[in-house]
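Okay, so here's the structure we're looking at.
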Amino acid sequence: MCVVSTKQMLNNAQRGGYAVPAFNIHNLETMQVVVETAANLHAPVIIAGTPGTFTHAGTENLLALVSAMAKQYHHPLAIHLDHHTKFDDIAQKVRSGVRSVMIDASHLPFAQNISRVKEVVDFCHRFDVSVEAELGQLGGQEDDVQVNEADAFYTNPAQAREFAEATGIDSLAVAIGTAHGMYASAPALDFSRLENIRQWVNLPLVLHGASGLSTKDIQQTIKLGICKINVATELKNAFSQALKNYLTEHPEATDPRDYLQSAKSAMRDVVSKVIADCGCEGRA
C-alpha cells in the first residue's frame, strides 16, 4: 500500500453514498490513532494537515510517516493539505510528494478566487494531484486564521457551477452553516442550499467544520451530496482533555509512552464515531 490521491477515494464515496472523513493530525500519536482505527475498521480516511501542522512536523517527516504506516497496516492513505493559501508553499509540498491539496482563496472576490484556484489546479494536475477549493466562507478559527461570523457567507449554488467549471477542481468545499471550532449550540444547517448546490455541481462536495455536528446532521449532508467530512477541533479537544485529566490524577507520571495512552484512547473514540457517521466502515 502507498500514499494515494483523494480523487479516487471521493469518487468512490460519491458512487457509494458515503463520505470519507478527513482527520486533522498534529503529531505521531494523533496520526497513529487515525491510521490504526481506520485499518481496524477497513475505512478510507484522509490525513489532513494545516500549514501550521506541516511547519510543526515537517513535510518530509509527515510524508515518511504516512508512507510507512500505509505499508505497516496494508491500508491506503492520503495526505492532504488543508486550508493552504500560498502557491509556492503548495508547489513545494507537491514536489515533495503530497498528492491532495486544498487551495483556500475563499476570502477573495469571486473572480480572484477563480484565478488563484485555477493557477493551483493547472500546476497540480500535471502531477496527478487532486485539488479541492472553497466557495463561500466559514466562520471560526482554523490554524491562525480567524473569520468573524459577520464576515462568513454561504455558497451560492449558481456560482458554484461556474466556479467548478472555470477552475477544473476535483472537489468543492461548501459553506452551508458550519463553522470551524466547536459549537455553543447546534448550528442550523441550510440543507435546501446544499441540495440546490448538488443539482448545479456534479463534483464531490466537502463539508468543513464538522466537529460537534450530530450524527443526524452529518448523515443528512451525505444524503445530499457531501463526500468528505473534515474534523479537527473535536479530535484536539478529546486528546488534550484526556491528557490533562490523566496528568492531574497521576502527577508522578513522566513517561510519554504511558501518559499519552489515555489521550489516544479518547481520540480513538471520536475517530470511530466519525467513521460510523460517515458510513465508510468496510469501504477501504
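Note: Cβ is positioned from N, Cα and C throughout, glycine not excepted.
Values in this document were obtained by computation on a predicted structure and should not be read as measured data.
Its Cβ taken as reference, Asp82 (active site, proton donor) is surrounded by 25 other Cβ atoms within 10 Å in the chains shown. The annotation active site, proton donor is assigned in Swiss-Prot to Asp82 on the grounds of sequence analysis.
Positions annotated as Zn(2+) binding site by Swiss-Prot, on the basis of sequence analysis: His83, His180, His208. Using a 10 Å radius centred on the Cβ of His83 (Zn(2+) binding site) and all shown protein chains, the other Cβ atoms total 25.
Secondary structure at Asn230 (dihydroxyacetone phosphate binding site), as computed by DSSP, is strand. Using a 10 Å radius centred on the Cβ of Asn230 (dihydroxyacetone phosphate binding site) and all shown protein chains, the other Cβ atoms total 27. Among the features that Swiss-Prot reports, dihydroxyacetone phosphate binding site is placed at Gly181, Gly209, Ala210, Ser211, Asn230, Val231, Ala232, Thr233.
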DSSP three-state assignment for His83 (Zn(2+) binding site): strand
Pairwise Cα distance for Ser211 (dihydroxyacetone phosphate binding site)/Asp82 (active site, proton donor) [Å, integer]: 15
